[in-house]
Amino acid sequence: MKSNPNPKANRHMLILTYGIVLLFVGLAAYYGYFLFTKSDTVINNSYNARLDSFADRVVRGEIRSSDGRVIAQTNVDGEGNESRNYPFDSLFAHVVGYSSNGKTGIEALSNFYLLTSHVNMLEQVFNELSSVKNKGDNVVTTLDLDIQKAAYDALGKRNGAVVVMEPDTGKILAMVSKPDYNPNTLLADWNHLVAEENTSGQLLNRATQGLYPPGSTFKVVTALEHMRENPSNYGDYTFDCNGTYKNGDYTIKCYHGTAHGHQDFRQAFANSCNGAFSNLGLSLNLNGLKNTADQLLFNSDLPLSIAYSKSSYTMAEGADTWQILQTSIGQGQTQITPIHNAMMTAAIANGGTLMKPYLIDRVENVGGDVVKKFMPQSYGNLMTAEESADLSEYMRAVVTEGTGSALRTDAYTVAGKTGSAEFDKAKETHAWFIGFAPVEHPKVVISVIVEEGGSGGQTAAPIARTLFDLYFSK
Amino acid sequence: MINLTIDVSRYFMILLIALYTYLNFRIFSVKDEIKKNRICRRQNFAMFLIHLFAYVIIWFETKDERMLVFYLAQVLFFLVYLFLYRLFYRNVSRLLVNNMCMLLSVSFIMLTRLSFDKAMKQFIIVVVAAVVTLVIPFVIDRVWQLSKIPWVYGLGGILLLGIVCIAGTSSFGAQLSLGVGDFSIQPSEFVKISYVFFIATMFYRSTDFKTVITVTAVAAVHVLTLVISKDLGSALIFFVAYVFMLFVATGKWLYLLAGVGGGSLASLLAFQIFDHVKTRVLAWQNPWTDIAGKGYQITQSLFAIGTGGWFGMGLYRGMPKKIPVVEKDFIFSAISEELGAVFALCILFICLGCFLQFMMIASRMQAVFYKLIAFGLGTIYIFQVFLTVGGVTKFIPSTGVTLPLVSYGGSSILSTFIIFGIIQGLYILKRNEEEEYEE
């Protein structure tokens, strides 16, 4: 045999072997990482047919409100037939969703947990021997029964949506959408609900999927861009309002043609002066405004785990005057969902940081032991702390001296913004309110929209008032 | 009652395979032959128990008498194979034989669960391959002419791959196999071996610059033919094996760096030029945007692995058949889904154990020819494992290669048997040599 031309061959093989072992360690670590952290979200996917087969061995668990009241449960009759029951009928219709005819809302979100059983070993063995199905885990939501009920009642027969959430945690306390449906009679009503001639859209969760013109609530965005472009003197902006602002052939009217008179920036925001903000819009860098809107999560995915629509903001450089006048006051092509408006408000309330909204607080086994606990998670900063503080101040002025008078009270301090969004010349405007309280240390954020409700200050703000009152009386 | 049996035996199987895997690595630090033999006996014990548990479940679930016969046939096969190998070759590496049997038994279990017909076919192929390849160590020990015919290996390999490229039947967009009557064979599985032999014989003769250029050219023709056949997984394996062997043969870091650099560049080019490469990479980056289409296979695989969790759903409790070609490229996902991620990881580490064994043998071979063969075959084997497991877990883009000895497929089984046979032959050669020396 010839001599080895590479005397270090063994050493080199050893190095390569180490490399390959390292590769495998990486592979195994990735595998473990996938199972530990990602697999829950991955497998809870409607395309994963495997979950359905879980139901053969597990009775679907309960969904509960934050104080432990049952809001969805599976009843098993003597013959082992199962039926899903919702004790509060349509109260939680959209947010909790349904689990027949597909799955929506929390029923879809927590499908995996509800169909997984963590009853103790002994009981499992016992159930097995007596061929009884194991009881699935229960899901405790962040939803507050009282607030949900109050929001539901306050909206009454009107169409619209209410979102109540905690800005410092992201917990959603209430989510109502109207018109609604009764999940208990879903199967019987199904054909009617999905019929082509039915245009009411009862199945649509307007809180997360309803796209509305933001109206004057968008002035928060316009104001933020103005502040960013004029950091030292943004407060110096003034405008004289006679109720109708004319620019060439275009006119922008204030709500009901109210003449606000001489307005500084703060007053214009508080009184929601359309002329002042349309005129202000003309001075702004349109790409800057688009960037700011994008940073506030327009046109982007929301950190939200139930079905939602993306808000859209399209105006960019080169837009014509009319488009600028309209867009600056939240009309035009801009569209937003109530949950997104709540999230922007929450970021302002929370020093610029958005906490990811969430609906499931914990998963418990049937004995009440916590199987999995969900913690608040930060999404990131939508704006700086200074910007959020300044916006809070302006939004506070809306309540103390402007359109948010319905929320004036000594009991607590509210900061907010009203909106009356035009969507059809022949119809009443949509009434908006977004706000949070207390201003000093925000605990709760509310976003309300009442379709064709007229003025935000008169229709939406009182609903928010009812909910704030309830929240702070608890 | 059945459910309980399945649950309990599932955990036992996991415990046993964990024990088996532990012993697989434990043996590296044991010097004493008697102790080594004891470890190997324990491994056999664990393997037969796992096999038994699995078939008890299969019996419970199917109540099919054929299963009992099939089970007994397998047990008989394993016993005879383990016995014969030791009878023929006193100095056999028991660990390697054990690992082969372990992987085969898992293959039989999963295939029986997925498709009895395929399991039967696989069994027959395994028996034939086992019998045929039993002579390989004997051949290796005596036929020294193997190192004299580099061009037979080189040109033969190119010819075979070329035929497949032109006349091959395509499956899933790649030209992989040749139909011969009722059979179809995948020549690339065998060309792997001739390819390693070609490189080893050439570098054994000389590692001067001229030889390096010649061998590189021939290797490049192999790789390019595979790329044109769209058999990307094999192309990658061939490429890596060449770069590694070149480095070990010459000891020149420059070659290794040039190889890695050139490979990265070629991958980028392939991504730009070939649509099917692009599709695979995109499906890997974000399969979730097209779950029903391009991302279907990988998302189903992730559903399977994720739903199975650490301890698995239990045999017959999952839906592995939802994954396209589960019995071939995605068998690992099926194992993970029903037997558990712990079990699947043990399989992965058993494969790694085989590779380490290969490398130890390679490092003990004095002759460059043998050293390079052991090293080259080991590299090919372990990269194939890496590509398939990495692919189904979305660690890397899926390349469509099989898990040796576990996946369904005759060519893959036979070629892996040959590879293990050759390594076994080298091991025996070395041990015999050492014994003579001692005497």
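Cβ atoms are placed via backbone N, Cα and C, with glycine included.
Those TrEMBL annotations? Automatic predictions, nothing curated.
Ranges compared are B:255-279, B:405-429, and TrEMBL records transmembrane segment for B:405-429. Remote same-chain partners of the transmembrane segment (B:339-360), defined as residues 6 or more beyond its termini with a Cβ less than 8 Å from a stretch Cβ, comprise 10, 13-14, 17-18, 20-21, 24-25, 28, 93, 95-96, 99, 102-103, 106, 110, 305, 308-312, 315, 332, 374-375, 377-378, 381-382, 385, 389, 403-404, 406, 420, 423.
Tallying C-beta pairs under 8 angstroms between the transmembrane segment (B:405-429) and each of B:95-116, B:122-140, B:372-393 places B:122-140 first. If you look at the transmembrane segment (B:95-116), the same-chain residues 6 or more away from its ends with a CB under 8 A from one of its CBs are 20, 24, 27, 40, 43-44, 47, 50-51, 54-55, 58, 64, 66-67, 70, 74, 78, 81-82, 85, 122-123, 126, 315-316, 320-321, 326-327, 331, 334-335, 338-339, 347, 350-351, 353-354, 357, 404-408, 417, 420, 423-424, 427.
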